[in-house]
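The active site annotation in Swiss-Prot covers Asp8, Glu67, Asp139. The Mg(2+) 1 binding site annotation in Swiss-Prot covers Asp8, Asp139. According to Swiss-Prot, the Mg(2+) 2 binding site annotation covers Glu67.
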Amino acid sequence: MTIILGIDPGSRVTGYGVIRQTGRTLEYLGSGVIRTQADDLPTRLKRIYAGVTEIITQFQPDMFAIEEVFLAKNPNSALKLGQARGTAIVAAVNRDLPVFEYAARLVKQTVVGIGSADKSQVQDMVARILKLSDKPQADAADALAIAITHAHTIRHSLHVAASAKTTETQEKLTALMRTRYSRGRFRLKV
């Protein structure tokens, strides 16, 4: 059983989603957004840090997955997004959580099957995968999709290790994955 916290970073709205993975089963635990007022950037970053820390305290996740920064048309927006993302990562690292990063395109590909899926498609598929009666709000759905992507990555990686031809190879692959996952050094890009 693994609890995964997914974060969709933003300087004004940061989405979060928490799921529990037990074998092949994914269970929804909670989601929402951290909204910051139109304060100055340092105050917004402080609110993001406090919000992520509070979520970690409430749900006690084992792993932290976050969307990578994409290149925005506006460099100032990209810098603010990077700062919000860094703030969320610091909150996770301060609680000794391993951090995993995923490209937005990979998240959409994993959850929807199309790397260029729109927000509505992500919301629909997240609700379907987690058997939710209502669609989560867009930023929370993105965060849940990031957590689902990480759960899928773990399951696939362990399947690869289990399908190795020899016990020695299985042990080496399993040890490698445990090391990578415990240190949070796993990055996937598409």
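Using N, Cα and C of the backbone, Cβ positions are placed for all residues, glycine too.
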Could you tell me the C-alpha distance between Asp8 (active site) and Glu67 (active site) in angstrom, no decimals?
6
Taking only same-chain residues 6+ apart in sequence, whose CB is under 8 Å from that of Glu67 (active site), what do you get?
Ile7, Asp8, Pro9, Arg85, Glu101, Tyr102, Ala103, Ala104, Val107, Asp142, Ile146
State the count of C-beta atoms found within 10 angstroms of the C-beta of Asp8 (active site), not counting that atom itself.
26
